[in-house]
Amino acid sequence: MAFRSRLQNKSGGSSIEQLEIEMCSPSSSPPVPVSPVCTTILPRKLRFASPSRDEDDEGTSGSDDSPFKAKSENSNDSAKTPTTMSISPPYRKVRALRLFDTPATPKTILEHCGPAKEKSSAKALNHLSLAAASDITKRQESLFLKATERPRSLPLHNRALDNVMQQQTANVNPFTPDSLMAHNKKRCRTQIGRENLSNRSLQMFLNSDEDLNNDNEQSTEMHQAPKRLALQDTNISRYKKEFVELSVIGIGEFGMVYQCLNRLDGCIYAIKKSIKPVAGSSFEKQALNEVWAHAVLGKHDNVVRYYSAWAEDNHMLIQNEYCNGGSLQSLLQKRCLVESELRILLLHVAEGLRYIHSNDLVHMDLKSGNIFLTKVPSVHKTVMPPLTKECYETGMDGIYEELSNSEWLITYKIGDLGHVTSVKEPCVEEGDCRYLPKEILEDDFSNLFKADIFALGLTLYEAAGGGPLPKNGQEWHNLRDNKVPDIPTLSREFNDLIKIMTHSDPKKRPSSTSIFNHSVLNSLESKSKAQLSQELTIEKRKNEILLRKLREARKTIKSYEQNAKAHHSHFNSPQKFSDQRCLRSLTRKKHNTPSLNGKLESLRDRNKNVINNFKY
Ligand SMILES: Nc1ncnc2c1ncn2[C@@H]1O[C@H](COP(=O)(O)OP(=O)(O)OP(=O)(O)O)[C@@H](O)[C@H]1O
Ligand SMILES: [Mg+2]
């Protein structure tokens with residue numbers, strides 16, 4: 001759509017069809033009175049789309065190469081035979097099309113996108129049918145190849161026709177449920193062929209699919225995925241335009257991660273930029289893989305959320321949710337987790353894994369470096385008044401601090417989806433060997449779900465204090481041969497859970513669903529979310545009441561103290577002694593003074609109790 005919108009911007013909002021008509025008219029045609037829109041476009045057409053200009057650009061004059069000729073042929077592709085078409089090899093057009101910013105290019109593109117094609121392509125897009133768009137591309141491609149003397153295969157980054165149809169081309173994400181279903185159906189179809197259509201129920205299943213009703217060759221082609229859209233084809237400078245870079249928050253094997261502020265929405269994001277240019281390299285597929293996985297999986301609380309991705313200078317950039325707590329690995333460098341924290345970690349990561357696995361996908365690189373934390377202040381913290389001088393004077397700053405610290409809600413999220421693969425068609429890129437089970441290193445991919453469970457087991461072991469994990473050696477083998485040492489600070493049941501999760505036999509390991517039945521998680525899991533949030537609300541209310549009481553008590557103490565001071569100064573004033581009324585009141589006050597002190601004492605005691613209540 002980039003080219004289209006460029007035209008629309010220049011035209012100040014006129015319709016694309018109008019522009020096409022203007023731009024596609026032969027340069028020799030007399031200038032006609034046109035709207036200001038057309039006048040801005042016509043000079044481009046007259047200057048750059050003339051055959052002479054093409055000649056200059058290409059360094060050849062071959063009339064067969066005339067873009068006008070090609071245009072007239074292509075615009076009537078359904079009516080005319082290809083005999084009058086250019087017989088030049090495709091590379092000329094490839095070059096012409098790749099010069100996206102040269103004035104000749106728009107014309108060339110428009111030639112291939114005549115009104116008829118535009119209409120049909122738009123229709124395809126309106127119906128959100130990638131397959132249809134791909135079909136159009138294919139038909140154009142075959143037409144183009146017919147017109148050439150020697151058809152050549154176009155390399156991935158020099159695909160003139162794909163560029164021509166760039167507006168209508170998009171990658172097919174292999175991880176979406178639709179793609180997985182299509183894959184299944186394809187398999188079913190093949191099986192039916194082999195089984196000689198004997199399975200009636202399967203036939204009925206296929207017949208129920210309207211797309212597969214039409215059993216002709218065309219429909220088969222329609223379902224073939226288009227070629228992968230290369231990163232180079234989507235280079236858009238965007239990082240500097242849309243974001244303010246705040247800091248570098250991490251460096252991994254594959255990418256540098258920056259904390260960035262979006263200029264428009266004012267929110268902070270983590271933008272991961274590939275360290276090396278990936279377009280056209282062997283890492284391109286891996287980079288795209290991460291985007292595909294994020295796009296499908298970024299909608300769960302325990303998976304890092306994905307916002308967008310694009311290519312710039314042949315680098316891949318992925319805009320993700322910024323996790324303000326950093327990675328679990330960086331937390332573990334400071335301290336290990338206690339059992340109550342480990343339970344939360346297990347609960348969250350297992351939830352994330354259950355979600356990933358429910359999509360028939362596996363992470364394949366689960367580790368502390370790829371688990372991120374978000375710390376969100378609960379509602380309470382916002383209600384808490386800021387610490388005043390008084391708080392420090394009265395020694396209550398500690399309590400406030402404690403309360404505010406306990407108000408952070410931590411969520412663990414699975415990130416770095418660069419190794420995600422489908423269990424149905426696994427393409428395993430081995431992750432970090434410290435967390436991989438033996439069977440994966442032996443190329444046994446029959447139980448990929450359980451490889452993630454193994455990695456989670458070792459992550460828990462590391463987080464509990466068993467780390468750093470070995471990369472090789474006897475210790476490495478022990479962790480994979482059912483000899484995981486007990487962590488002394490953990491309960492028996494937690495140690496047992498780690499052992500079963502890291503069992504050498506993948507079948508013995510729990511699944512991301514059955515793990516919730518384990519007693520370690522059972523107590524947490526047996527309570528519904530509603531129940532837990534209700535309990536949380538009750539506890540928050542209790543805290544609120546106690547806080548209010550604490551504040552009231554402080555106020556009362558203060559007012560008594562002020563009264564006491566006033567009385568004291570009154571008592572010491574020599575003037576008052578001369579006054580009879582004063583003497584009378586003094587006698588009364590003298591009587592009251594001990595009881596006032598007593599009251600102050602008892603208030604202090606009560607205050608202490610409130611403070612103790614807070615602590616426990
Ligand atoms: N969403 C995020 N929020 C906060 N920090 C992040 C985020 N994503 C990544 N980081 C930081 O950047 C580091 C590297 O990120 P990431 O793991 O995605 O890169 P990588 O190159 O794929 O790493 P590797 O392949 O070595 O695991 C992380 O360890 C973390 O410190
Ligand atoms: Mg990582």
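The backbone N, Cα and C atoms fix where each Cβ goes, and this holds for glycine too.
According to TrEMBL, the protein has these features:
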REGION    1-88  region 'Disordered'
COMPBIAS  1-17  compositional bias 'Polar residues'
COMPBIAS  75-87  compositional bias 'Polar residues'
DOMAIN    243-521  domain 'Protein kinase'
BINDING   ILE249, GLY250, ILE251, GLY252, GLU253, PHE254, GLY255, MET256, VAL257, LYS272, LYS273  ATP binding site
ACT_SITE  ASP365  active site, proton acceptor
COILED    529-563  coiled coil
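Projection of TrEMBL feature records onto the structure.
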residue : record                       : DSSP class
ILE249  : ATP binding site             : strand
GLY255  : ATP binding site             : strand
LYS273  : ATP binding site             : strand
ASP365  : active site, proton acceptor : coil
GLU253 (ATP binding site) CB neighbourhood, other CB atoms within 10 A: 9
For the ATP site built from ILE249, GLY250, ILE251, GLY252, GLU253, PHE254, GLY255, MET256, VAL257, LYS272, LYS273, further residues of that chain with CB within 8 A of the site's CB center: ILE275
Residues satisfying Cβ distance under 8 Å from LYS273 (ATP binding site), sequence separation of at least 6: TYR239, GLY255, MET256, VAL257, TYR258, HIS315, MET316, LEU317
Chain-internal residues, separated by at least six, CB under 8 A from ILE251 (ATP binding site): VAL257, ILE275
Inter-residue C-alpha distance, ASP365 (active site, proton acceptor) and GLU253 (ATP binding site) (nearest angstrom): 12
Neighbourhood of ligand 1 - binding-site residues from ILE249, GLY255, LYS273 with Cβ under 6 Å: ILE249, GLY255
Arithmetic mean of per-residue pLDDT over the coiled coil (529-563): 80
Distant-in-sequence Cβ neighbours of ILE249 (ATP binding site), under 8 Å, six or more positions away: VAL257, TYR258, GLN259, ALA270, TYR322, GLY326
